[in-house]
Amino acid sequence: MHTTYLKNLIGFESLTPQSNGAIEYIDDLLKEHGFKTEVKIFGETEQVTNLYAVYGNSKPNICFVGHVDVVPAGDPNLWHNSNPFKAHEQEGKIYGRGTVDMKGSIACFLAASLDFIKNNTDFVGSISFLLTSDEEGKAKHGTKEMLQYIYNQGHEIDFAIVGEPTCEKEIGDTIKIGRRGSINFKLAVKGLGGHVAYPQKANNPLPCLIRILNELTNIKLDKGTEFFQNSNLEVTNIDVDNNTTNVIPETATVHFNIRFNNLHSAETLAKQVEEIIKQHCQKHKLDYTLEYNSSADSFIQNPNDKIKEFATIVEKTLNIKPKFSTSGGTSDARFVKNYCPLVEFGLLSDTAHKINEYTKISDLQKLYDVYYNFLMETLNVTGSPPLLGMT
């Protein structure tokens with residue numbers, strides 16, 4: 001059923017922050033199978049649809065956390081079937097926007113949980129879903145707000161699986177247990193414009209900005225840690241608002257981003273960056289403005305018993321030993337980690353957000369097997385059959 005669920009989910013054009021029927025479809029499906037569900041819409045100007053659904057009323061509560069929203073699909077004519085929101089099956093693969101990020105993992109956990117409930121009437125614990133239509137965007141009224149809401153209602157999650165596409169070369173090779181932080185900067189160096197033939201009557205901000213960027217981009221922030229790669233600064237935009245060749249610009253503006261590990265905080269990095277900027281601007285007798293915003297702090301979890309148990313299930317099911325990682329961008333795991341231990345585990349990440357995003361059907365089966373086996377091992381099923389996928 002996971003392929004059917006995935007094809008149905010691809011059919012909803014759920015561009016951030018719209019559900020466009022995707023969450024409503026899942027809500028109806030889960031209610032049909034005995035889940036207690038609640039759909040909440042948060043936000044005023046951009047309304048975000050969220051779902052919490054739970055089956056059972058005892059501990060432990062194993063929760064799948066995910067998002068139905070997708071990024072724009074680009075030119076539809078570049079897709080195999082010219083319609084990225086109609087699932088296309090070809091040569092053992094399913095194509096469509098959101099296939100790996102992350103409707104495929106939602107489909108797999110849907111199938112695994114419904115099959116588990118059907119096959120096991122004596123389990124101890126609860127299975128739940130927390131889904132949102134805004135993870136790819138601002139993420140203000142999605143998982144973060146829904147977690148606050150359900151905890152205020154008395155719900156508690158004991159362990160979460162975030163279904164982001166984490167695997168690199170094959171299903172099972174990577175489990176994410178943390179994420180890097182992210183901080184964005186906007187620097188405007190303010191000079192005095194003028195004619196290029198009379199530089200003595202102007203103060204060009206560009207030489208100063210070049211020296212600032214040269215120092216910033218050559219800083220070795222750290223050497224990384226056991227689970228984190230080294231922190232990294234990338235320049236993303238430079239603008240002087242000047243297309244004329246004989247005019248010295250008045251202002252030079254640059255945007256840059258730092259992805260940082262747990263050796264830093266947004267505050268310490270901002271202080272370090274501003275010290276460098278201040279020194280150069282004072283030397284060149286220039287003013288500046290600096291704006292920065294951190295969308296996520298870095299975090300890392302110590303692999304506790306439940307995280308290690310999940311890794312063991314992956315290894316037993318797929319005969320591959322997963323590595324713990326913190327690579328990649330930010331995700332809603334940064335909100336979930338404030339409430340419970342978690343793993344991020346899903347499909348391959350290599351086609352996420354790309355034209356002709358796809359997954360192998362065999363990879364869906366592998367992911368389904370891992371999810372199903374984890375439920376079997378965690379929810380105290382007595383007299384259970386051998387784990388799926390094992391030989």
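Cβ atoms here come from the backbone N, Cα and C positions, even for glycine.
According to Swiss-Prot, His67, Asp101 bind Zn(2+) 1; the candidate from Glu164, Glu168, Glu170 that the record adds to this site is Glu164. Neighbours of Asp69 (active site), defined as other CB atoms within 10 A of its CB across all chains, total 29. The Zn(2+) 2 site is set by Asp101, Glu136, His353; from the centre of their CB atoms, other residues of the chain with a CB within 8 Å are Val70, Val71, Gly98, Met102, Ala352.
Between the binding-site residues His67, His353, His67 has the most other Cβ atoms inside 10 Å of its own Cβ, all protein chains included. Checking each of the recorded positions (His67, Asp69, Glu164, His353) against Glu135 (active site, proton acceptor), the C-alpha distance stays within 10 Å for His67, Asp69.
Annotation for the recorded positions Asp101, Glu135, Glu136, Glu164: lowest Cβ count within 10 Å of the residue's own Cβ, Glu136. Counting in whole angstrom, Asp69 (active site) lies 12 from Glu164 (Zn(2+) 1 binding site) by their C-alpha atoms.
Secondary structure at His67 (Zn(2+) 1 binding site), taken from DSSP and collapsed to helix, strand or coil, is strand.
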